[in-house]
Amino acid sequence: LWYSENLLTPENKMKYIDSHAHLSQGDYALDLDETINKAVRNDVIHIIDNADSLDSFENVLNTKKAYPNIIKAAIGIHPEFSGKGEDYLNTAIDFITSHIDQIDAIGECGLDYHYLSGTSKEDELNTFRVMASIAKQYNKPLVVHSREAFDDTYSILKGIRPDKIQLHCFCYSKEEAKQLIDLGLNIKFSFGGVLTFKNSLWKITFLLVKVIGFKFIREFL
Ligand SMILES: [Zn+2]
């Protein structure tokens, strides 16, 4: 969840943005309406719904159409689906560019060298470069998934310089966070489930408060 002082109401009540969800990939087929309404009742004002593959592109846009005030649509190819070949990637590019007015962010996309099943580093690098370039070209935020791939993630962001970047589920060190901050780009760090891993808890909490500071955790879209 994304917290920001800008999200406080005049009564000092906190509002939230769910910065990374996958509502449109089937798991919520039976209770999507209930899930979204429950979030809204609990002061969530936006949910960024992420596609991960061609199969979920239309679904995310349909969810946004059904809940236009709540849902923001992030459309992209996750590294897991980057090994599907040239036609697949070209179809994704065509879809994204022809629906760009309905799309709020490009993603989720990125590099994951931990799980290389059905993909290669080259496939992942190629797909991520394409996604980052589209984000840059259309001035859209880029939602980045990066795991065990800091150097390549860093060099692609440094080379393409998308205008806004969300490093979803940040899992690198504070030195690496500092390197990214020093690029001078508009980068937001988000901390996901890794916060619950036994050895990561104090390390990441320290990083969050001491290095990045709460000023970086603010409204993104
Ligand atoms: Zn995700």
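Just so it is clear, glycine is given a Cβ too, placed from its N, Cα and C backbone atoms.
Whatever TrEMBL says is automated annotation, not expert-curated.
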Have a look through GLU86, GLU108, GLU122, GLU124 and flag the one TrEMBL assigns to the divalent metal cation 1 site that HIS20, HIS22 belong to. GLU108
Which of the listed binding-site residues (HIS20, HIS22, HIS145, HIS168) has the least company, meaning the fewest other Cβ atoms within 10 Å of its Cβ? HIS22
Quick check for the class: what is the C-alpha distance, in angstrom and rounded, between HIS20 (divalent metal cation 1 binding site) and HIS168 (divalent metal cation 2 binding site)? 7
Determine which residues of this chain, when HIS20, HIS22, GLU108 are set aside, have a Cβ within 8 Å of the centroid of the divalent metal cation 1 site's Cβ atoms, and list them as they appear in the sequence. ALA21, ILE48, ASP49, ASN50, ASP52, ALA74, GLY107, VAL143, HIS145, HIS168
